[in-house]
């Protein structure tokens with residue numbers, strides 16, 4: 001009977017020690033070979049455009065030239081300003097780039 005209790009405690013000790021050990025996890029990254037950017041259209045980039053860089057498909061975070069121009073357009077209800085400090089600091093959340101300036105008397109996303 002004592003041997004069964006001993007085995008139970010040893011087994012419980014092994015289980016507790018196993019649960020305390022941190023097992024490192026690896027983050028997986030999808031690597032697709034490519035020759036042109038067209039080869040990367042199936043890469044899941046969550047709204048970011050994929051590009052072929054050094055023979056591998058990569059998700060980019062850069063804005064296109066047109067997106068930057070669209071972001072520069074002032075809104076009809078844009079606040080007037082003399083200095084950038086006159087603009088509402090919460091405006092950065094509505095700008096794609098996250099930054100703004102006082103341009104030609106209006107608070108404008110950059």
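A Cβ is built for glycine as well, from the same backbone N, Cα and C atoms used for every other residue.
These features come from Swiss-Prot:
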type	residues	note
DISULFID	34-52	disulfide bond
DISULFID	40-57	disulfide bond
DISULFID	45-59	disulfide bond
DISULFID	81-102	disulfide bond
DISULFID	87-107	disulfide bond
DISULFID	95-109	disulfide bond
SIGNAL	1-28	signal peptide
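For the disulfide-bonded residues 57, 59, 95, the greatest number of Cβ atoms within 10 Å around a candidate Cβ is found at 57. Taken residue by residue with DSSP, residue 95 (disulfide bond) is part of neither helix nor strand, so it is coil. A gap of 10 Å separates the Cα atoms of residue 45 (disulfide bond) and residue 57 (disulfide bond). Cβ-based neighbour count (10 Å, all protein chains) for residue 40 (disulfide bond) stands at 21. Neighbour count (other Cβ atoms within 10 Å of the Cβ, all protein chains): 20 for residue 107 (disulfide bond). Counting every protein chain shown, the number of other Cβ atoms lying within 10 Å of the Cβ of residue 109 (disulfide bond) is 22. Listed in sequence order, the disulfide-bonded residues from 59, 81, 95, 102, 107, 109 having a Cα within 10 Å of the Cα of residue 52 (disulfide bond) are 59.
Scoring each of the disulfide-bonded residues (34, 102) by how many neighbouring Cβ atoms lie within 10 Å, the top position goes to 34. The distance from the Cα of residue 57 (disulfide bond) to the Cα of residue 34 (disulfide bond) comes to 6 Å.
The disulfide-bonded residues shown are 40, 59, 81, 95; of these, the one with its CA atom nearest the CA of residue 107 (disulfide bond) is 81. Spatial neighbours are here defined as Cα atoms within 10 angstroms of one another, and by that definition the neighbours of residue 81 (disulfide bond) among the disulfide-bonded residues 59, 87, 109 are 87.
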